[in-house]
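Taking it in order: structure first as structure tokens, then the write-up.
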Amino acid sequence: MLAKSLRFKFLHRSHTIIGLVVLFLFYMSTYFGTLTFFMPYLKVWESPSRHFVPLAEHAFNIDLLLGELLEKQHLLSSKPVDITLPSFRDPLLKLSSESQNSLYLNPLTNEVIKLSKEENLISTFFNELHTGVVIPLIGMPLMGIMSIGIVFLTLGGFWLYFYKHTQTKRSKEGWKSRWLSWHKIMGLGIIPYALVFACTGAFLGLMLSYSHPFAWSASSKEESNMRKLVSPIIFAQPVYKSSETKAIMLPFSTLRAIANEHYPSLEITNATLYHYGTDAAKVRFRGFDKNSVAQSGRINRLSITLDARSGVVVEKRGLENTHGINQALSLFYYLHFVPDETLGVRIVLACFGVALAFCLVTGYLLWAEKNLHQKGWLGDLTNRVSIAVLIGILPSSALVLFLQWLLAFDLFDKEVWIRGAFYAFWSFWLFYTVFERAIVTIIGRMLKSTLWLLVLAVLFHGLKSGFFIWDSFEKGAWTLFGMDVMFLLSALLCFVLAKAVEKKELFYRYERKGVFDGY
């Protein structure tokens, strides 16, 4: 019995210590990771060139334009040309080839679009904050270490709950008991989510970051980039004989229809042209199997290759023809990125992400109530810095959305201005939390600032793009409408929370206990 009691005591203490160590970095990763679930839709919302109403199922037709476009852009060569078809991830049609800039087309008009001034500024920045790339050299490894800590917290927390639930009596109802209940309930509910994303995140953040020595050793000190070593194996590209004899190609839409006929379960996302315009031309259609989405993700795309002149099937690569390692890697990446899943799954995962962030915050509040009210000015300063990190991140990220549409798209170094404003605004809240004595006032103003910035972001999006929220609804631009609605609902939630903070006894009680009462 004594051994069990000591084991519980030490595990509880390590749970607390590791939780405090991983809290701030993993909270930031969780917050921005939750936002990146909506990255495909955010890319559309932030880019004026993607503000159009796509046809049903992203239909397009480049039959008449394809040959002319390839010749005009000097893409008719021995190098393959990859075509990324319009989808929910990007409504534009993309043509790319090795050592050449990518070409984007509006699938409705087949107009070539220049995206140099608007390419994925917000979504890229948020993703870098999620992965820790914004911290040079050590950012991704740090996030990987934090993920390992979350795995320990998840498993250790489950053991603590099971032991306490079976061995001890239930504590009396109170503020601490209520926070503890929510912390436990949320924690138990997100165990599968936390384990999956923490384990995959640990691999991506830690192991891939430290793969250079292994690549260096395996290549006899010739190459330190692991991707260059494994890519030719995992992503082996077919090689077809070239020809100088010109030939007439079947229309691209006809070839696509033939591919769908011979491989009906293949959801085509890309097409690669080999020696297009000659009698050796081939078109390789790639995508995922509708019945095995996880095993045929971006790491293990399935394909069917046709002769571009006759439409005869040259090669068909189904799931049964792929290596088990490729399938396992595809499943691994699917669990972290859910690349081919649309809105429904992403909303569910985002809700789990919010629950994980809530667990981290309530865990901190439990520790702060128990320990920091006895620490005087040090405890007070610790809490204020914590609030600046945990809540100050909300208005800072909302400012990024607002500035994206407030600033001109041709502004020189617009990305630098927006990123700098994000860090400056976050720093402002850090200093403000030290300056302002009343913690309720601090939290209320942070939430209200977030509210106004989100509303202004939606307003300026409508003013600058011409797609106000009601216009998006009338025209059927559901991605734009959905993003505006999500931002407005988030603003409404901030308003409700700001009012709740002012009325709830909890934070006033913290101040009276001395946790937030100043120096």
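Using N, Cα and C of the backbone, Cβ positions are placed for all residues, glycine too.
Heads up, TrEMBL stuff is auto-annotated, nobody curated it.
Per TrEMBL, the features are as follows:
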TRANSMEM  20-42  transmembrane segment
TRANSMEM  133-162  transmembrane segment
TRANSMEM  185-210  transmembrane segment
TRANSMEM  343-367  transmembrane segment
TRANSMEM  387-408  transmembrane segment
TRANSMEM  420-439  transmembrane segment
TRANSMEM  451-470  transmembrane segment
TRANSMEM  476-498  transmembrane segment
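Remark: the transmembrane segment (451-470) makes no contact with the transmembrane segment (185-210), by the rule of 3 or more CB pairs under 8 A. In terms of C-beta pairs under 8 Å, the stretch of 20-42, 343-367, 387-408, 420-439 lying closest in packing to the transmembrane segment (476-498) is 20-42. Counted over residue pairs separated by six or more positions, the transmembrane segment (20-42) shares at least 3 Cβ pairs under 8 angstroms with the transmembrane segment (387-408), which defines the two as touching. Under 8 Å from some Cβ of the transmembrane segment (387-408) lie the Cβ atoms of residues 24, 27-28, 31-32, 35, 46, 121-122, 125-126, 361, 364, 414, 417-418, 421-422, 425-426, 429-430, 432-433, 439, 442-443, 446-447, 449-450, 453-454, 456-457, 460-461, 463-465, 487, 494, all in the same chain and six or more residues away from its ends. Residues of the same chain lying 6 or more positions beyond the ends of the transmembrane segment (133-162) and with a Cβ under 8 Å from any Cβ of it are 8, 11-12, 14-15, 18-19, 21-22, 25-26, 29, 184, 187-188, 191, 194-195, 197-199, 201-210.
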